[in-house]
Amino acid sequence: MENRNNMTEFVLLGLTENPKMQKIIFVVFFVIYIITVVGYVLIVVTITASPSLGSPMYLSLAYLSFIDACYSSVNTPNLITHSLYGKKAILFNGCMTQVFGEHFFGGAEGILLTVMAYDHYVAICKPLHYMTIMNQCVCALLMGVVWMGGFLHATIQILFIFQLPFCGPNVIDHFMCDLNPLLNLACTDTHMLELFIAANSGFICLLNFALLLVSYVVILCSLRTHSLEARHKALSTCVSHITVVILFFVPCIFVYMRPAATLPIDKAVAIFYTMITPMLNPLIYTLKNAQMKNAIRKLCSRKDISGDK
């Protein structure tokens, strides 16, 4: 695969060109990135070290934390580096790698959220058959679908964008390489390509969102026959998941289900779904899940006891 242009690098304008603001941006996003990574490590260590969290539901949560950490790592380190050193140039291949990473991990996360909704449906509506339905083979198959779906989605996007001729300005008014800013720099008519890309991203977003809505409608209908305590526990789990779904899908639909014109609000929206949401996900699932909180307390108590010895 070979691109048809002589463009070797792009210039990312970032969030601001004000030196004082760049220092503030460096501190803020460095803290956000540290919280994201620490949240991922905390969740994975807690689930791995706690036998009570060995169900597929918590395995999916560990995968979600891993994907969030990777998703945030695609753009956040670059933004931090650019804010600290003022380096704005990014090589063409580096830009394409960013685009691929964004859509690989973003696509995988969208599919995983749908898988988690199915898992919640089975746990709430068919509790006696949960471990039979969500056996190791099914879990492995679903995780395979998550990764292959993300890879296929990202590959389609990168094949479209890599072949575009770039022969004019190379300045991107964004803090990351993304489809819409790149389409605006192409030296050709990109109208049909915009439709293909919107269809690809839109299909992923809308299909997963529709499946999620159906899952939760069925879950809510089935809760009418459950006890009050069971309803409260199920709703607590579902509210956490629905919150994460809204935080992830609404910004993505806003960005990718419209023409490629770049809007001033795009940077803020991109920050939200590529950095803020991955940071919030571990907090949302931990604070809303009694089993996770108890497991973290036990893990901390165990470390305190071993430290005293």
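Even glycines carry a Cβ here, placed using N, Cα and C.
According to Swiss-Prot, the topological domain 'Extracellular' annotation covers 1-23 (among others), on the basis of sequence analysis.
The N-linked glycosylation site annotation in Swiss-Prot covers Asn6 and rests on sequence analysis.
What Swiss-Prot records for 24-44 (among others) is transmembrane segment.
The transmembrane segment annotation in Swiss-Prot covers 47-67 (among others).
Residues or ranges marked as topological domain 'Extracellular' by Swiss-Prot on the basis of sequence analysis: 68-103 (among others). As a whole-number mean, the pLDDT of the topological domain 'Extracellular' (68-103) in this prediction is 90.
Sequence annotations record features per position, and here Swiss-Prot assigns disulfide bond to Cys95-Cys177. For Cys95 (disulfide bond), the Cβ neighbour count at a 10 Å cut-off comes to 23, with all displayed protein chains included.
What Swiss-Prot records for 104-124 (among others) is transmembrane segment, and it gives sequence analysis as the kind of evidence.
Taken from Swiss-Prot, the feature topological domain 'Cytoplasmic' covers 125-141 (among others), and the record attributes it to sequence analysis. Per-class residue totals from DSSP over the topological domain 'Cytoplasmic' (125-141), listed helix then strand then coil: 14 helix, 0 strand, 3 coil.
Residues or ranges marked as transmembrane segment by Swiss-Prot: 142-162 (among others).
If you look up Swiss-Prot, you'll see 163-202 (among others) marked as topological domain 'Extracellular', on the strength of sequence analysis. Residues 1, 3-7, 9-15, 74-75, 78-79, 82, 90, 92, 94-96, 98-99, 102-103, 153, 156-157, 252-253, 255-262, 266-267, 270-271, 274 of the same chain lie 6+ residues outside the topological domain 'Extracellular' (163-202) yet bring a C-beta within less than 8 angstroms of a C-beta in it.
Among the features that Swiss-Prot reports, transmembrane segment is placed at 203-223 (among others).
Annotation source Swiss-Prot lists topological domain 'Cytoplasmic' at 224-236 (among others). Here the topological domain 'Cytoplasmic' (224-236) has Cβ contacts under 8 Å with residues 120, 124, 288-290 of the same chain, all six or more residues outside its ends.
Look at Swiss-Prot and you will find 237-257 (among others) tagged as transmembrane segment.
Residues or ranges marked as topological domain 'Extracellular' by Swiss-Prot on the basis of sequence analysis: 258-266 (among others).
Residues or ranges marked as transmembrane segment by Swiss-Prot on the basis of sequence analysis: 267-287 (among others).
Residues or ranges marked as topological domain 'Cytoplasmic' by Swiss-Prot on the basis of sequence analysis: 288-309 (among others).
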Remark   = Quick tally over 47-67, 203-223, 237-257, 267-287 of CB pairs under 8 Å to the transmembrane segment (104-124) gives the top stretch as 203-223
Ask   = Would the transmembrane segment (47-67) and the transmembrane segment (237-257) count as touching if the test is at least 3 Cβ pairs under 8 Å, pairs 6 or more apart?
value = no
Message = Using DSSP, what is the helix/strand/coil residue split across the topological domain 'Extracellular' (68-103)?
response = 30 helix, 3 strand, 3 coil
Task = Provide the three-state DSSP residue tally for the topological domain 'Extracellular' (163-202): helix first, then strand, then coil.
result = 19 helix, 2 strand, 19 coil
Inquiry  = Contact between the transmembrane segment (237-257) and the transmembrane segment (24-44) is defined here as three or more C-beta pairs under 8 Å separated by at least 6 residues; is that satisfied?
reply    = no
Message = Same chain only, sequence gap of 6 or more: which residues have a CB within under 8 Å of the CB of Cys177 (disulfide bond)?
response = Phe10, Leu12, Ile90, Gly94, Cys95, Met96, Gln98, Val99
